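Record features, source TrEMBL:
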TRANSMEM  B:12-33  transmembrane segment
TRANSMEM  B:40-60  transmembrane segment
TRANSMEM  B:66-84  transmembrane segment
TRANSMEM  B:96-119  transmembrane segment
TRANSMEM  B:146-164  transmembrane segment
TRANSMEM  B:193-218  transmembrane segment
TRANSMEM  B:224-254  transmembrane segment
TRANSMEM  B:266-285  transmembrane segment
């Protein structure tokens, strides 16, 4: 016997009403049943900025983490345990990111978490310490996070922003001792981060700072800033706190004025595809990269070959960051499990800190050691507009080891 | 401390006037809508952004020359303005100003989302159509893009001022702004005036978007520039076209001088101090009509 659904008034529902009710019910069920990890799985949660001002990076980060997790699972997981990656979009908003964190960690046994911003990393730190069940890394390279006492359950999958500038200054001191510097920073927490450390490092390396320029976050035209730059006439101009704008306009106006200064940036300004779209004015732009580029065919980079096999099209620097972060998460779980330990925050962080001369499969060009909260390593790259590529300049620089 | 350098001061002043003109053009789009319809359109920055992306699509995507891509982008901006008025704003007529204000905030988010879907969230550059050779006024250097932006903004605003005094449609818009019921009784098609105001604002926003994009590059988040223009129109007067021009130039100069002689971190402080001072002394703006309401 077939039953005809009826309304409360006893009338038979039309086919359209039944369909609508079915869709609504299915939607409700889907909404009430978030992805849940199976028992025994190792879970990586993620507040990922898939929309909003940081979406250009979030998409790559998401793909990078997902790809590394896929590689690990296809190889049998970690000690037979599968890894599950549970991301959710935050729109790059701290309150949304916190809500996503609570949702994912509230319904899954999360051991690792990817954070989308410095603001979130700082906001969630007390909760992370209270839970003591997971370690976290993310899109922030804030110098403040490089403090194992204040941030015992966090790390940075690369150098912090001050260390990035440190790599640039080491390079400048080696190639042009006594060079005069200009610092151009955006008037944001991100932009101001390395200024004090830069001044201290520059003084130590005897690199005089000719001018410090700050630009408001909404500024479009940089004519007045370029005029200040012309007055100071520095050998190197170091940008920090930007993605792309207003760097191309700075460079093109400086060229119009005949300035010989070399422009440099930090990680988030270093994606190859972004500069490729700028074209000729991008030629000669330099900056620090903690990771190799997608297209690097160095013989000691099998992981890059694997990535190219999985994704034949160019993958961004953000992808590499997500990929390496997932690799470090998994390596820490592997080491903790191999030592017969539970996956708690102290055990995972201690396992991570045992990384000594660890081979990242060539994602980073030298073996890495993670004794504190960062990996103080980087290489200077220069954009070649004719080749449409960032090209490595000199060797990888390990702060503290290769200094002086 | 370095001595006063008149040439440097002149160059900074010219740069300030140039970037002020870009603010004025964006402010014009704001004023056109407010003047005719009394709607505070917070999505103006996003309309500007869409205009820049339309130019990008025609110039970089279809490979059209600038003389073909610019009119198409302006027409697209105008169509967008008219479509928004017809589909979203007109059904809201009679609702409280706050409700319409909130709708424009939501509209801004929708436009950002659409652009992210169509063109990706990555920042990029517009094809160069202005050239890079610097302009020198006497010995003073001016960035070519800023000089062109200044000329275009002044011409467009002068054109609008002239149109409001001489063109039939412009007079209808002024009449509607003065008294909607009276304009209606005189046979003026008030809904058509509303639609025309949004379309013209869309064109002005697209023009500003192309110029702003040429200087600073484009990204789905470039609409924040519209917030700077909000300061300009509050200073100049929400319903004054001339006020948008004067407000833009004043804010541009203030930003240039404060950024150069005090430091970049003082630009916003100086701009908002001016805003506060104007609100205290002339709450309706330097050139605004005295009875307008504030939100």
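Any Cβ shown, glycine's included, is placed from N, Cα and C.
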Task: Beyond the flanks of the transmembrane segment (B:12-33) by 6 or more, those residues with Cβ under 8 Å of it - done: 39, 41, 44-45, 47-48, 137, 140, 142-143, 146-147, 149-150, 152-154, 156-157, 160, 197-198, 200-202, 204-205, 207-208, 211-212, 215, 225-226, 228-230, 232-233, 236, 238-241, 243-245, 247-257, 260
TODO: Please work out which recorded stretch in B:96-119, B:146-164, B:193-218, B:224-254, B:266-285 has the most C-beta pairs separated by under 8 angstroms from the transmembrane segment (B:40-60)?
DONE: B:193-218
Task: Any contact, the transmembrane segment (B:146-164) to the transmembrane segment (B:193-218), with at least 3 Cβ pairs under 8 A - done: yes
Open item on the list: Out of B:96-119, B:193-218, B:224-254, B:266-285, what stretch is closest in contact terms to the transmembrane segment (B:66-84), meaning most Cβ pairs under 8 angstroms?
Closed with: B:193-218
TODO: Counting only CB pairs under 8 A, let me know which of B:96-119, B:193-218, B:266-285 has the most with the transmembrane segment (B:224-254).
DONE: B:266-285
Open item on the list: Can you tell me which parts of the same chain pack against the transmembrane segment (B:96-119), counting only residues 6+ beyond its ends and a CB-CB cutoff under 8 A?
Closed with: 38-43, 45-47, 49-50, 53, 56-57, 84, 88-89, 220-221, 223, 293, 295
